[in-house]
Amino acid sequence: MCVAVRESCAPVLACHGHVWPEALDCNRFPAQDDTCLTPLPKQISAFSKDFPQPVCQSCPSVEEAPSLKTVLDALCLNDFAVKAKISRRRLPSADPELTVEGPVELIQRGPLLPYDTVSLLQRWLLINLRCALTLVRPGRAQLYLITGTMRATGSIQLSSLFPWLKKDLHIAAAARKWKHHKC
């Protein structure tokens, strides 16, 4: 169990400039036979590694009021594109909280799984919190067109964010034209 927690939490700590604490060294804890918790079966942990995983990365570019060509080029150069509503709430006692609201629309599916995309984006926001706080405006929820690629390691990397405002007709036109567009 300690190894599973470390594998899940260490990337988040590393992205924030911290290392896994020595006090939680997994070798200090008893083997599986001596614990009251049963470990995950190997087929479950191997199965979960097949899903795309978010990783710590540099901030993707944000394009304000892009042209139709810019959006279509971004769709051509990336493996996936999603339309998502992200909100940033200020909490009185803690850091701001970022959440993905409602369903996510897959413009270009690529390697993403429809039922896991909201969770995947939410984990990306958590791992890359400093970056996400600079990308997402505080206040009301905002629609974004998010593009990204899948690495050979099975992790995803976001490439660009396009704030999708009602006045940005080019993003809506690119999303409609994408189905018939040839790169």
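From the backbone N, Cα and C atoms, a Cβ is placed for every residue, glycine too.
Just so it is clear, the model here is predicted, and its values are computed rather than measured.
Some features that TrEMBL has for this protein:
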DISULFID  C2-C26  disulfide bond
DOMAIN    1-39  domain 'FZ'
DOMAIN    56-183  domain 'NTR'
Across the domain 'NTR' (56-183), what does the pLDDT come to on average, as a whole number?
-> 89
All chains considered, the count of other Cβ atoms within 10 Å of the Cβ of C26 (disulfide bond) is 13
Including all protein chains shown, what's the count of other C-beta atoms within 10 A of the C-beta of C2 (disulfide bond)?
-> 15
Can you tell me how the residues of the domain 'NTR' (56-183) break down into helix, strand and coil by DSSP?
-> 40 helix, 45 strand, 43 coil
